[in-house]
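K.L.:
Marked as domain 'Major facilitator superfamily (MFS) profile' by TrEMBL: 1-381. TrEMBL lists 44-60, 72-90, 96-119, 131-153, 159-176, 197-220, 232-251, 263-281, 287-306, 318-339, 351-376 with the feature transmembrane segment.
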Amino acid sequence: MKNLTKPAILSISLLIIMTGNAVSPVLGEISEAFPNADTSLIKMVLTLPSFIIIPFSLISGKISAFFKKRKIIITGLIIYIIAGLGSGFSKNIYELLIFRGLLGAGMGLIIPFTTSLIADFYEETERTVMMGLSNAIANLGGIIATLAAGVLAIYNWRYIFLIYSIAIVILFLVIFQLPEPQKRNFSKKKFSFDNRILLISFLAFFLNIVFYSVITNMSLFIKNENIGNSGYSGITLSFITLAGFLSSILLRQISKLFKRIRVPFAISIMSFGFLQLSRSYNLSSVLVSAFMIGFGLGILKPILFLKVSEFVPRNSNAFAISLVSNSILFGKFISPFFINLWVKLFNNTDFRFIFLSMGISLGLAGVISLLVILYCMKALNPRC
């Protein structure tokens, strides 16, 4: 394999979180630039790519069985570059939304391969390391995009779209350093996803409903509890991203230490983070809680994709991974609506109640996952 194959594969992950994080700090400036635009349209600048990613990632995963993966990735990157840079030249909110939609389409074509290429090229321990690095790079991209957007926005909000030019470098890496995964002879029998893939997709969906209850409520929680201002909220969210970056880097060591119970361990870490957050009254306690939540999720995300790569044959891994990726995106989208329904059901809108109930839910999920693993170990079930 070529010397830069690993950087080429990992560089694609840099774009995942960056897609949204680059624009989130300047929604206020965009609103001022287009004063006649409805507030809902301004918010769609941030959310539209996530909606568009879902169908295009499913399409990408499906057609990867018939077309070369490199060609699909290159096509997606070209669309991503044109849409990302083109957004800065938008004359009205509708042009901007068209470009943002195209950005989502480009990312949708790319996203299944951020992990399926790792499954194609690597095995066992090296695969675990690469999955962890992939998630770490995605978090790093989010950090870079947020910081760079904050600096560029000082001069002009349109400049923040220059951040997407990093995809040009990634495009050249893919063209010149990424080999096409080797085709293998597979059974002609049509592959059907078993319950394990559905279970992983559901777990990904559940985890992101819970996780985004922090992302969407942290700013208001800090303000309402007089813990700090919006700047402190940004620091707290950065702690979550940093923790995810660190735990992903350490995934190999964590997997070696906790072996088969790494999933219940990671869920428990998240649970303790939420429980601690529900009783936090100062910034230091909030930061510790945020770090625990991010650390746990940073372990879980790559492990979920690792399990998919173990359960699914290579000719179907891109589509299976796209299902899990879409479960993550759908959980992110559903989270605010679910939390709103949850607080109405219990007639309690207190942020501490939200975090406490999410922590308890995660605790139960951790116990269930541990019991399932113990049962599989006792029964010596190879399907677990």
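Note: Cβ is positioned from N, Cα and C throughout, glycine not excepted.
TrEMBL does not curate its annotations; it predicts them automatically.
Small disclaimer: the values here were computed from a predicted structure and weren't measured.
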K.L.:
Under a Cβ pair cut-off of under 8 Å, which of the recorded stretches 44-60, 159-176, 263-281, 318-339 contacts the transmembrane segment (197-220) most often?
P.N.:
318-339
K.L.:
Given a Cβ distance threshold of under 8 angstroms, which distant residues of the chain, six or more beyond its ends, lie next to the transmembrane segment (159-176)?
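P.N.:
Answer is 4, 7-8, 11-12, 14-15, 18, 22-23, 25-26, 70, 73-74, 77-78, 80-81, 83-88, 103, 144-145, 148-149, 152-153.
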K.L.:
Most CB pairs under 8 Å with the transmembrane segment (96-119): which of 44-60, 131-153, 232-251, 263-281, 351-376?
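P.N.:
Most Cβ pairs under 8 Å with the transmembrane segment (96-119) come from 44-60.
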K.L.:
State, in range form, which of 44-60, 232-251, 263-281, 287-306, 351-376 has the highest count of Cβ pairs under 8 Å to the transmembrane segment (131-153).
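P.N.:
Checked against 44-60, 232-251, 263-281, 287-306, 351-376; highest Cβ contact count belongs to 232-251.
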K.L.:
Would you mind giving the whole-number mean pLDDT across the domain 'Major facilitator superfamily (MFS) profile' (1-381)?
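P.N.:
Taking every residue in the domain 'Major facilitator superfamily (MFS) profile' (1-381) and averaging pLDDT yields 87.
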K.L.:
Would you confirm whether the transmembrane segment (232-251) and the transmembrane segment (287-306) meet the contact rule of 3 or more C-beta pairs below 8 angstroms, pairs 6 or more apart in sequence?
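P.N.:
In contact, yes.
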